[in-house]
Amino acid sequence: MKKEKLKKLIYLFSVVLSICAWYSFKVQNLILSYNDARSHLNIARRVVDGLNPGIAQLGSVWLPLPHILELLTIWNNFFYRTGLSGSIISMLSFVGTIYFLVKIGELLRFDFKGIIITVLVFAFNPNVLYMQSIPMTELLLIYTQIGSIYFFIKWVKKDRILSLIFLGIYTFLSVLTRYDGWFTFFYISFAIILITIIKKYKVQPEKIKKSVSTILSPEIYLKIDKIFLEFFKKLYTYKIDINFNLKDYLKNTLYKRVRAESNFILYSVWGFFAIFLWLLWNWLIFYDPLFFLNGAFSAKSQQEILYSEGRLLTKGSIDLAAITYVVAVVKNSGLLVFLFGFLGIIKIFFKRRSITFILSFLALLSPLVFNIFSLYLGHSVIHLPSIPPYTWFNIRYGLIFIPTIALGCGILVSKKEFLFILILAITTMQYTYMYIKKDIVTIEDATKGASGYYLDDIGTWANKNANDGLILVAASSHDSFIFVSGLSLNHFITEGTGRYWKKSLIDPTIYATYIVMHDGDLVDKALKHNFIFAQNYHLVYKGNFANIYKINRPITINIPK
C-alpha cells in the first residue's frame, strides 16, 4: 500500500513539475523559440484558418498525429498564439512517459531506489523539461515509444494477448508521430517472430481439454481433433505419431510457426495500417504515395542541399555518424549521467537474462541505432559547434535516448544503497551545473543555432506595416515569419493556397500586395527573373534573413474572414 501511495505521489509531482517548467520557460519567452515549433502550430491552424482551409493543409512534411491532436484547441487564438495547443501535448506526454518508466521499472524488478533514480534522471533533465514545455514532437514520440516498449516487455514476460494489442496501438501512434517510430516498429515485428519461436510454452493440456469440453461434447471434440490432425498431416506432410497428444503438439515446430505468424499479424497490422494511411494520404493529396520521401519539401531534398554545400559530414561515415549522435546524447543528458546510464545498460547484458528478454530490451536501443544510421545515410543532420559549420542544429535528437539512459541508471542503483546515494548526488550536481551555466543545449539550439533563424525582425515589421493586403511567401522557408507577424493566416499566399499560389508565381500583381523572399526559396526561384515582379515591386524592408517587397500601386482584394 505504501508503494502504491508513493507511485501516486510521483505521478502527481510530475504534473506539478510539468506545469511549473512550462510557466518558467513562458516567463523567459522561450516557448516559441524554435522555428519548427511555430511551423507545427501553423500547420494545424491552416486546417481552420487561411485562404484555403481544410484537412489537406496537414501536408506531407511531417507525420500528422501531432497536428491532428493540436486541432482540439488550435482554433482558439489564445492556445494558438501562446503555443499551448502544442505545449499541452508535450506536457501530457511528459507525464505519460514518467508513468511508463515506473511501470517498466516494475517489470525489471527495480526496488524503489531504482524507480526513484529513473524518474529523477528523466524528469529533472533541463533539456527534457524545456522540450516538454514547447510545441514540438519529441516528447510525443518518447511517450508513444516508451509506451509501446513497456507493453512489448510485458508481453514477453507474461505472454498476454491484451499486451500485444496495446503494443500495437502505441506503435500505431508512434508510427504516425515521427519516422523514428517506423524503425522501432520494424524491429519489434522481427523480434516478435524470434521470441515466439524461441519461447518454451508451458501449457496444461488437460485444462485446455476441460475448457473445450464445457462447450463441446467429448465425441464432437474428438472428431474435431482428428480432423485437425489429418488436415495438418496433408498440408505439411508432417510426420506425427498416431498417438498424438495436445502437449506434444504444442511443443513442436509447426505450432510455434503458426503462433509466430498469428502474433506477428496481431501486432504488425497496427503499424502497417498507419503506414498505409500515410502512403494513401500522400497519394490522394499529392498524387504520389512517396511524396513525403521524395517531394520538394522532404527531409531528403533538404539534406541534398546541405550535402552539395559540404555540410552533411556524417553521410557515408559510420564513425562520424556514431560519434555525432553519441555527443548529442551526452550534451542532452550530461556526461556523468550518460556514463552511469551506459554502465547500467551494459549490466543488463552481463546478467543471466533470457534471450527473449534481451530481444525485448534491445527495443530501448532503437533510437540510438536509428539516428546513427539516419546520419550515416544522409537522411538526417546534426550540427555541433565543434565541427563545421560550427553551430547548433537538431541537437534535440539526442533527447530521444534519455529514457533509456534513465532506465540504465535505475538498473545500476536497484538494490544498491551506495550507488543510489552516489548517482543521486551526481545527477543533482550535473543538472544544477547545467542550469547555473546555462548549458541547456536545446535552448542554445533554439536561440543561437540554425534551428532558430532570426525572422522576428521582418515579422514585427509586417505586423505594423503589412496588414493592408495579401502577402506572397513560401511557408516552407518562412513559416516562423508568418507566425511572428501576428496576422491571420488568410493574409498569406503560400504553397497550400491553390490558385492564389499558382497564379501569383506567374503574375504576383493579381493578388499580392507584399512579397517576402530570400535567396533560394520557392518565391525567389519563381520571381527572380520575372519581368512583372521587377517592374511592379520595390524593396520596403531588408531583413537579417529575408526581404519584403511592396507593389507600386494599390490592389483591392477582399481578404476572406
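Each Cβ is built from the backbone N, Cα and C atoms, and glycine gets one as well.
For 9-25, 78-102, 136-153, 160-176, 182-201, 264-284, 322-343, 355-375, 395-413, 418-436, the entry in TrEMBL reads transmembrane segment.
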**Cβ contacts the transmembrane segment (418-436)/the transmembrane segment (160-176), at least three under 8 Å, sequence gap 6 or more** = no
**Prompt:** Do the transmembrane segment (264-284) and the transmembrane segment (160-176) come close, with at least three CB pairs under 8 A (pairs 6 or more apart in sequence)?
**Reply:** yes
**Request:** Determine whether the transmembrane segment (395-413) and the transmembrane segment (160-176) share at least three Cβ pairs under 8 Å, counting only pairs 6 or more apart in sequence.
**Result:** no
**Request:** For the transmembrane segment (355-375) and the transmembrane segment (160-176), decide whether they are in contact, meaning at least 3 CB pairs lie under 8 A, counting pairs 6 or more apart in sequence.
**Result:** no
**Message:** Cβ under 8 Å, sequence separation of at least 6 from the ends of the transmembrane segment (136-153): give me the contacting residues as numbers and ranges.
**Reply:** 34, 36-37, 40, 62, 65-66, 69, 86, 89-94, 96-97, 100-101, 103-104, 107-108, 128, 163-164, 166-167, 170-171, 173-174, 177-178, 180-181, 184, 188, 191, 357, 360-361, 363-364, 366-367, 396, 399-400, 402-403
